[in-house]
Amino acid sequence: MTSTTPAAPATPAFPTGSVLGYPRIGPRRELKKALEAFWAGRTAADEVEAVAADLRRRTRARLAELGLATDAPAIPSAFSFYDHVLDTAALVGAVPARFADLQDADGRLDLAGYSTVARGRGDDLPLEMTKWFDTNYHYLVPEIGPGTAFRYASDRPVAEFAEALADGVLTRPVVVGPVTFLALAKPTEDAPAGFHPLDRLDDLLPVYARLLTELAAAGATWVQLDEPALVSDSIGVDAAVLAEATTRAYRALATELARPERPAILVAAPYGDLGAALPVLAATDVEGLAIDLVRGDAPTVAVPGLAGKTLVGGVVDGHNIWRADLDARLTVLEQLAGLGAAAVAVGTSTSLFHVPHTLDDEPALDRTLVQWLAFADEKVREVATLATGLTEGREAVRTELLAASDAVRSRATAPGVVRPEVRERAAALTDDQFRRGPFAARKAAQAERLRLPALPTTTIGSFPQTPEIRKARAAFGKGELSAAAYEDEMKAEIRRVVELQERIGLDVLVHGEPERNDMVQYFAENLDGFAVTQNGWVQSYGSRCTRPSILWGDVSRPAPITVAWTTYTQSLTDKPVKGMLTGPVTILAWSFVRDDQPLGDTANQVALALRDEIADLEAAGIGIVQVDEPALRELLPLREKDHAAYLDWSVRSFRLSTAGVRPDTQIHTHLCYSEFGEIMDAIDGLDADVTSIEAARSKMEILGDIAAAGYPRAVGPGVYDIHSPRVPSQAEVTELLTEAVRTIDVDQLWVNPDCGLKTRRYEEVTPSLEHLVEATRTVRATL
Ligand SMILES: Nc1nc2c(c(=O)[nH]1)N[C@@H](CNc1ccc(C(=O)N[C@@H](CCC(=O)N[C@@H](CCC(=O)N[C@@H](CCC(=O)O)C(=O)O)C(=O)O)C(=O)O)cc1)CN2
Ligand code: MET
Ligand SMILES: [Zn+2]
């Protein structure tokens, strides 16, 4: 096809083992601490830069020590201060107009400006945050319009590559690919109807071309462009449109821009199966493809176009923490060799930033459990072992393969993994345990019992987690504070939170969740079948992290968990107190979950434990219980064909947890993230009496869908956007509520914030809730 152009130079060596990415936050959350000190004005930008440079250097050294090559590009250059999608926006100059003043003459953002785009400033809202594929990581959504002026506006990828090279390490720069970047972006507000950011692909590609030429000039031999959009049906872009964009993008970057003007290109497609997008990518002139062989299956027949390409088999799971069965994984890699690729290499299925740094930091974790696990560093070792197996043959890694197989096998028979009493209870479930009585009767019984005003006001559960609360918990954990003293401090906090809610005039009170380090980890700590980590931090967004629990065995509840806290709270007030639990799907979604049985079975075990907890709350006189399911949407499979089965088990597990209550006990649920239309049927299926949802930013648009669907139960569309420090005015909330009562039936409506208040400060929360209650009174007066 290109007989008139000279033959391209031979493809540079690609390492037999590499990883798609690595945690960025630091083993001790060094980056989080540096950023938060900078944002608080306690340090200068160069101190954050110094911490970041040190982290990058230590990461390179660690990855080399664990067996990745330094003379072939095995080690990724994939650092980010906040978010890799924001980095890409900053790289291509796609900064929204409201932040244009933060760019210098060349379009660059400094660290302060970059932070402002991420976090907002006064009335200038930050970029919207949303879930990254089916993970608990949140990215910032770029805003792209017809007028967005793309330009090469950051030399960070090149500088970080050069920094590593000067340190003796040839890295592989990692950047979000152009198709995924635009596919995940949203149109600016001024964009005409029908505009999609992908319409700007041809204008964006020259910036990527410039980046590639700069990287080549700096000595990069390979670059990795991440294109996870290609594994998903759920990002609102038609598969045919994505395929055409992919062809066009890589014609410009790989065909029209020839080597050696650019590095060899590895397109990575993590998080799922490429399906029909695989032949599309294979037909481009990129030099390598990295495919996810944990979520996706290895192709079984030769794919045209693969000849001449390097195929990186993502056989080590980047998204969960189980040690790999190396023997079986090696077999998968050997199968790849039959597909016609020029070379086969070992990789991870996704970046490793979804898993904690290392098991070496978990001395308190049960030793039996530890031998079943692999965190990021242990996964790098697995990759290195598989690479040796691939190049030198199985014999060369015989001991490692045997050890891995033994560990995997030992899980099946270990105590606690299968508990007959848990299995028997789940096997004996009957359909009526998943069903409550008719809603009309429940509604009447609850109205009679609770006697709430029109437009009842409440909050989503948590109140600010103050430094004092966290310090007390840390001291308790270290044994410096007794259990009794810790409990006293938490009770004092509950009293403050109840007094505040009463003073403000809220109708349904909460205890504020001060005793919870995290809404999932807290339950994991109190249920059998889970383990928790000390240092297993994983980035959730920006500087915020969680320590996902490890759900390794059959689940049961040794004792009531929330009952004492809730009844204590109820004893302080005549207003109804809402019990607060995290639902089964969310507990699974935000933990590392066993992979040896269907998720639905695991969810039902958790659901039964919660069902018992709700029964105990009910028996203790609590009339309202909220079961949070903010991750219901997150676990929705990326491929449409898998949606129905997922929604079936997830909805059933929620119903199993909640359907045991009396008609006059009111069940609430809470969901965040607003792509609601697509799971409307599932929300209906949950059969909760009251559902609170995120709605403030989208100006209650969701209510139209709810009204149109004839949804009968109550909803609490959020009227206060808790993701921003901004305090909504009373007039604003009044306006939202006025709109809401025009759209749906008044007796279906509750008034509440978008989500919990734990990340906010009292300076913001108190006036915001005052405005919320005042606005409700104003609107009530008009009814
Ligand atoms: N698991 C989970 N996923 C979720 C959410 C969520 O709430 N939980 N919410 C959504 C948004 N994601 C979020 C993720 C994290 C945080 C968050 O606030 N994380 C905290 C840590 C929460 C925690 O585990 N707190 C612990 C440990 C706190 C801590 O850092 N302690 C210090 C010591 C305290 C001191 O002396 O000041 C230490 O260990 O070094 C506690 O309270 O006990 C943070 O990054 O800062 C918020 C939202 C979606 N996904
Ligand atoms: C991420 S959803 C949060 C729900 C929880 N009850 C809270 O208020 O924090
Ligand atoms: Zn929420």
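Just so you know, glycine gets a Cβ as well, placed from its N, Cα and C.
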Residue from D360, D612, D616, D628 that TrEMBL also lists as binding L-homocysteine with I460, G461, S462, E513: D628
Candidate from W565, W590, W649 that TrEMBL assigns to the same 5-methyltetrahydropteroyltri-L-glutamate site as R29, E30, L31, K32, K131, R544, C545, E634: W590
Further Zn(2+) ligand in TrEMBL, beside H670, C672, C755, within candidate set E694, E735, E774: E694
Cβ packing number for S462 (L-methionine binding site), 10 Å threshold: 22
Other CB atoms, at most 10 A from the CB of R29 (5-methyltetrahydropteroyltri-L-glutamate binding site): 17
Residue among the binding-site residues C672, C755 whose Cβ has the most other Cβ atoms within 10 Å: C755
Residues flanking the L-methionine site, with Cβ no more than 8 Å from the Cβ centroid of I460, G461, S462, E513, D628 and excluding those residues themselves: T459, V510, M519, M580, Q626, H670, C755, G756, L757, K758
Where L31 (5-methyltetrahydropteroyltri-L-glutamate binding site) sits in the secondary structure, as DSSP reduces it to three classes: helix
DSSP-derived structure type at C545 (5-methyltetrahydropteroyltri-L-glutamate binding site), helix or strand or else coil: strand
Sparsest-packed among the binding-site residues, when each Cβ's other Cβ atoms within 10 Å are tallied, from L31, I460, C545: C545
Cα proximity to D628 (L-methionine binding site), best match among recorded positions R29, E694, H723, C755: C755
